[in-house]
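Chemist: I'd like to ask you about the structure that follows.
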Amino acid sequence: MVNAMFFAIRNNHSIATSEYGKIIKAVMVLGLVLSLLVGAVFIFYANSFVSGRRQRQIGTLSMLGMSRFQGFMVVAWQSLGLWFITTIIGLAASFGALFIAFPVLNQLAGGQDYRVAFDWNTVVTVGLIYAALFFLMTMIEGFKIGRTSLIDLTKSDQKVAKEPKAKAFLGITGFVILIAGYWLALTTKPSLNALFSFIWAVGLVIVGTYLVMIVGIGWLLKRLRKNQKYYYQDKHFVPVSGLLFRVKNNGAGLATVALLFTTIVVALTAAISMQQVTSKFGQYLPYDTTITSTQALSQDQLKQVQQSAQEHNLTLSASHELEATNAILANVSDEGKISRFTGTGDVMATPVFRAMTATSLKQWQGQSVSLASDEVGIYATHQKQVPTKLQIGGKTYKVKTINQFTSPDSTAPSGPSYYYLVVNQQSQLNDFLKDVQVPASNDGGVQVSISDMPDAVTHLYAYDVKGTKKNEIAFSKDLSKIFQQTGGQVTDRADAVQSIETVFGSLVFVGVLTAVVLTFTTVLIVYYKQVAEGMVDRQNFKKMQRIGLSLAETKQMINRQIRLLFGLPLLLLVLNAAFAFPILKTVFKTLGMFDPTIFIPVMVTMMVIVILIYLVIYWLTSKRYQQIVNQ
C-alpha cells in the first residue's frame, strides 16, 4: 500500500509540473526505496514462518502419490493467489489513503494545491515489482522441495534446534564493534565530515547489534549455564536454556526489531525537528526582500525595483543599503590573529565574519559607532563572546563591543554565529580581506591586492514589503530575472519560507510514512515470531508438564522467558537511541538546524511513544503466545 502511495505521489502530474516538483519527487524516491526494502525483507521473513509447515504438507501429499513438480505447482498457485490478493487490496487501500495523505502533504509543503491522481503506470509498476518478489520466493521454495527428501519434507516444521556455536571471539568482537559505534557517536564534533561519521557510526551499530544478538548473547548464556548454582534454579533453568536455543534461531530477528524501532525514533525525531526548526526560519530574516550585488546598483536599477513592486501591487519601505565583505568563515587565535576556516574542526564553533567601514554602518542603520585609531568594533550574534583584540594587517587593535546592530543575515538559533566587524578606514578593510584571503603557507612574500580577490565586497539592499504573499513571491522572481545578468541575487522571506516548507515538509511526510511502515512491519515480525515460537514451545512445555511441571510454573516460566526476549531489543533500543542523540545533534549543528528547545523534547517524546508501542506489542503477543502454549 505504502509503495503504491509513494509511486502515485512521485508520478502525480500536479506535483511534477509544480515549481518544487523535482524536489518532492526526489524525496519520494528516497521514501520509495526504503519502503521497498522493508517490504521485500518482510515478505521473505514472513514466508520463513510458514515455509516449514508448507513443506510438510507437500511431503505428505508426495507420499500419497503427488509428484514434486505438482507440489511445486501447488506452491506456485498459492503464491499467485497471494500476489493477486496483496496487489489488489494494497492498490485499493493506497488509493483511498491518498485522499488522506494529499491534504497532509499540501499542508506540510506550505499550503500547496496538489491533487489526488492514480495512474496506470503506478498500478503496473507496483504489480510487476511484487510479482518479481513473489516469483523469487516461489523459486526458493521450489528449490527446497526439489533438494529435500520426502521424509525430511514431512518433518520440516519439527526440526529440533541445535545448540548455537557461540564463539567467544565473535561475541567479544560484536561488543567491541557496538562500543566503537557508540564512541564515534559521542566523540564526533560538528564539521564537514560529521555526516560521514554518522554513516560510519550507523554501520558499526548495525553490525555490532547483530553480532551481539546472534553470537554475543549465546556466548553469555553459555557462561551462565556453566555456573551451576545459577543455572540449576527453577526460575533460571528453563528461561536460560530456552533463550540459548532461541537466540540461535531468532537472534537476527531480535536485532532487526531493535534496529527497526531505533530507526523509527531517529527518523521521526529528525523529520519533525527539521520541520519545526524550518517553520521558524522566516522569523529570523531581518527584511522581506534583500538584493545582493557585487556592484553598487545604479539609480535606474533602483527605479526598476520600485516599478516592479508597483506592478505587483506592493509597497516598499525605504532601501537599507550596506557595503560589506562577503560572509567569511574564519577562526580567531588567542593573539587575535584571523585565519580562514580550512574545513577541519568544529564548523559551528567557527564564527562568520562580515567586515564594513563605520561609514557603511551609518548608511545601513542610520547611526554609526565612534572608534579610536587603535580600535575596531564587533557586534556578535548568538551571545557569542567577543575577542578582546584583533590583528589586522599585522597591527593589533582593541575590540569595542557594539550593542545595537540590525543583522543582514539570518539570526536563527540553529544557524552560525556572526561577527560583524567595523573598521574606521577602507585601508583596514582591505588589510582584513588580505588576511583572510592569503593562504596560511604565504609568508608575506606575495603581494595581494583587492583586484586579486573577486567578489570580496558585496552590496546589500534590503526592503520591507507590504502586500500579499503571492505577489511578494512573484515580485522576487521578477527581480531575480532583472539582476540575473549582472550577477545579483535576490532573497525573499516569503519565497524562502515556501521553498523550505516544501522541501522539509515533504521530508516530514516521507519520514512519518516510513515510520508507519516500519512500525507495522515490526509489529508483524514480532507477532509472527511469537506465534511460530509458541507452536514449537507448546510441545516442549507439554513434555515438561508430564514430568511434573505445573500450569502455574509453566505460566511463570513463559512470562520470564518472554520478558527476557522482549527486554533485549528494548535495552538495545534505549541504548541505540541514547547514543544516536549526540551524533544527530552534531549532524544538525553542522547543517545549522539544531535547536535544543525543539530537538530534545521531540526525541524524548518519540522515545516514550515507541516504548509504549513496544510494551503494547509485548502485552498482546505474550497473551497470544500463552494461548498457543496452553492449548
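A Cβ is built for glycine as well, from the same backbone N, Cα and C atoms used for every other residue.
Keep in mind the model is a prediction, meaning the values are calculated, not measured.
This is the feature table in TrEMBL:
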TRANSMEM  26-50  transmembrane segment
DOMAIN    32-148  domain 'ABC3 transporter permease C-terminal'
TRANSMEM  71-100  transmembrane segment
TRANSMEM  120-140  transmembrane segment
TRANSMEM  168-186  transmembrane segment
TRANSMEM  198-221  transmembrane segment
TRANSMEM  252-274  transmembrane segment
TRANSMEM  503-528  transmembrane segment
TRANSMEM  564-584  transmembrane segment
TRANSMEM  596-620  transmembrane segment
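Can you walk me through where each of these features ends up in the structure?
Modeler: A mean pLDDT of 78 is what the model gives for the domain 'ABC3 transporter permease C-terminal' (32-148).
Within its own chain, the transmembrane segment (71-100) has Cβ neighbours under 8 Å at 1-5, 8-9, 54, 58, 61-62, 116, 118, 123, 126-127, 130-131, 134-135, 137-138, 141-142, 145-146, counting only residues six or more beyond its boundaries.
Sequence-distant contacts of the transmembrane segment (252-274) (same chain, six or more residues past either end, CB-CB distance under 8 Å): 41, 45, 206, 209-210, 212-214, 504, 507-508, 510-512, 514-515, 518-519, 521-522, 525-526, 529, 565, 568-570, 572-573, 576-577, 580, 584, 588, 593, 595, 598-599, 602-603, 606-607, 610, 614.
Long-range contacts of the transmembrane segment (503-528) within the same chain, counting only residues at least 6 positions beyond its ends with a Cβ under 8 Å from a Cβ of the stretch, are 2, 5-6, 20, 23-24, 27-28, 30-31, 34-35, 38-39, 41-42, 45-46, 49, 101, 104-105, 107-110, 253, 256-257, 260-261, 263-264, 267-268, 270-272, 274-275, 278, 613, 617, 620-621, 624.
Non-local neighbours of the transmembrane segment (564-584) in the same chain are 181-182, 184-186, 188, 194, 197-198, 201, 205, 209, 212-213, 217, 239, 243, 246, 254-255, 257-259, 261-262, 265-266, 269-270, 599, 603, 607, 610-611, 614, 618, 622; each lies 6+ residues outside the stretch with a CB under 8 Å from one of its CB atoms.
With a cut-off of 8 Å between Cβ atoms, the residues of this chain six or more beyond the transmembrane segment (596-620) that come close are 261, 264-265, 268-269, 272-273, 276-277, 413, 519, 522-523, 526-527, 562, 566, 569-570, 573-574, 577, 581, 584-585, 588.
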Chemist: I'd like the per-state residue tally for the domain 'ABC3 transporter permease C-terminal' (32-148) from DSSP, helix first, then strand, then coil.
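Modeler: Residue counts for the domain 'ABC3 transporter permease C-terminal' (32-148) by secondary structure: 101 helix, 0 strand, 16 coil.
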Chemist: If we skip the immediate neighbours and take only residues 6+ beyond the ends of the transmembrane segment (26-50), which ones have a Cβ under 8 Å from one of its Cβ atoms?
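Modeler: Distal contacts: 2-3, 6-7, 9-10, 129, 133-134, 137, 141, 253, 256, 503, 506-507, 509-510, 513-514, 517-518, 521, 524-525, 528-529, 531-532.
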